[in-house]
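Colleague: Here it is, the structure in full.
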Amino acid sequence: MSDTKGAAEQGLQIDGDLINSNWNEVVDNFDDMKLKGELLRGIYAYGFERPSAIQQRAIMPIVTGRDCIAQAQSGTGKTATFSVSILQRIDTTVKKTQALVLAPTRELAQQIQKVVIALGDYLNVDCHACVGGTAVREDIARLNEGPHIVVGTPGRVFDMINRGALKTEAVMMFCLDEADEMLSTGFKESIYEIFQLLPGETQVVLLSATMAPEVLDVTKKFMRDPIRILVKKDELTLEGIRQFYINVEKEEWKLETLCDLYETVTITQAVIFCSTRRKVDWLTQQLHDRQFTVSAMHGDMKQEEREVIMKEFRSGSSRVLITTDLLARGIDVQQVSLVINYDLPSSKENYIHRIGRGGRFGRKGVAINFVSNEDKNMLEEIETYYNTQVEEMPLNVADLI
């Protein structure tokens, strides 16, 4: 893989033809995957009818115990891919932690926990979310009960292993979700330390939207002959998402543009992304002053506060959420029909994580980008990177949402 790494170190998005998929077997329905009956019931009760492309390819090899690297965009069913595989592999009669899943944010870890519990509803599965912002004593007590599956953020998980609360001797599966995000946000050391503390034969499953150099390093150091299921760059589509831009010229005109849009469009649910926490607070205040109902969420807020806001947003009692990139990957709300990039993301990779929120699993969505004169270059870069066309917003945008 050395030439791949060279390309990666030059800061290039790695082309699909440099690291080819080495697994092409497709199983296109859940009934043919030889899954436990209770797990199948959970899958259908959750609302899945047939597996997504990544599920059709990855579940079977993961269930057989192979190490696996899966590259797929946000919103393609990655969480269910490893959740189903873990639930199939673990033995729920054994009261020990058998699978460990890491995620970059608390919100994503809690989201994964919810999916695991829902899919494992008929299996009596015990799944614990081990995240910062919660009482250490409670965490230790829960981990001493030996939950079958632990989902957590790297810092807290490492701490719990060190304290002897999270016992790893029975761990047979280690899964890294959104690996690119975790490794780029300073968790690398904790993740490497955790690897050293797991049994040598632990199966490793890694999921990532992009194959950054840090991700490739992990695959080389810790994975044995992995199956690679890779979506080529030009296949990282934004399928089903209608993308538009509004030319606002000046930064200070964005607010009025947003207010106009708010009045034209009936929004079921929308997420508005800003570049900084301060901007989130400012915009929320501006909209409140104009009698618009919106909620806001960012990393400076207390954990309990963030949970209340997410609950309101999920239940639909709050319809518009203003947030930052940090939380883009933890928002999984089925009804999100509109994403507004008040500020374009500072990195091209984050674009897919933001607008992948709308239209998940084939549901249609609309993304509207506010573009000032300074943003034009970034928009062009995004179009080139994703091989996509962002059109000027039509007057009848209300009919499309």
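Just so it is clear, glycine is given a Cβ too, placed from its N, Cα and C backbone atoms.
Reproduced below are the annotations present in Swiss-Prot:
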type    : residues                                               : note
MOTIF   : 28-56                                                  : motif 'Q motif'
DOMAIN  : 59-229                                                 : domain 'Helicase ATP-binding'
BINDING : ALA72, GLN73, SER74, GLY75, THR76, GLY77, LYS78, THR79 : ATP binding site
MOTIF   : 177-180                                                : motif 'DEAD box'
DOMAIN  : 240-401                                                : domain 'Helicase C-terminal'
Colleague: Sort out the sequence-distant neighbours of THR76 (ATP binding site) for me: same chain, 6+ apart, CB within less than 8 Å of its CB, listed by position.
Modeller: SER52, ALA53, ILE54
Colleague: For the motif 'DEAD box' (177-180), how many residues does DSSP put in helix, in strand and in coil?
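Modeller: Helix (H, G, I), strand (E, B), coil: 2 helix, 0 strand, 2 coil.
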Colleague: Which sequence-distant residues neighbour the motif 'DEAD box' (177-180)? Criterion: at least 6 residues beyond either end, Cβ under 8 Å.
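Modeller: Non-local partners: 78-79, 82, 101-104, 108, 112, 206-212, 214-215, 218, 329, 349.
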Colleague: Where DSSP helix means H, G or I and strand means E or B, what are the helix, strand and coil counts for the motif 'Q motif' (28-56)?
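Modeller: So the motif 'Q motif' (28-56) is made up of 18 helix, 0 strand, 11 coil.
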Colleague: Let me know the model's mean pLDDT on the domain 'Helicase ATP-binding' (59-229).
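Modeller: Overall, the domain 'Helicase ATP-binding' (59-229) comes to a mean pLDDT of 93.
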Colleague: Have a look around THR79 (ATP binding site) and count the other CB atoms within 10 A of its CB, chains all included.
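Modeller: Counting Cβ neighbours of THR79 (ATP binding site) within 10 Å gives 21.
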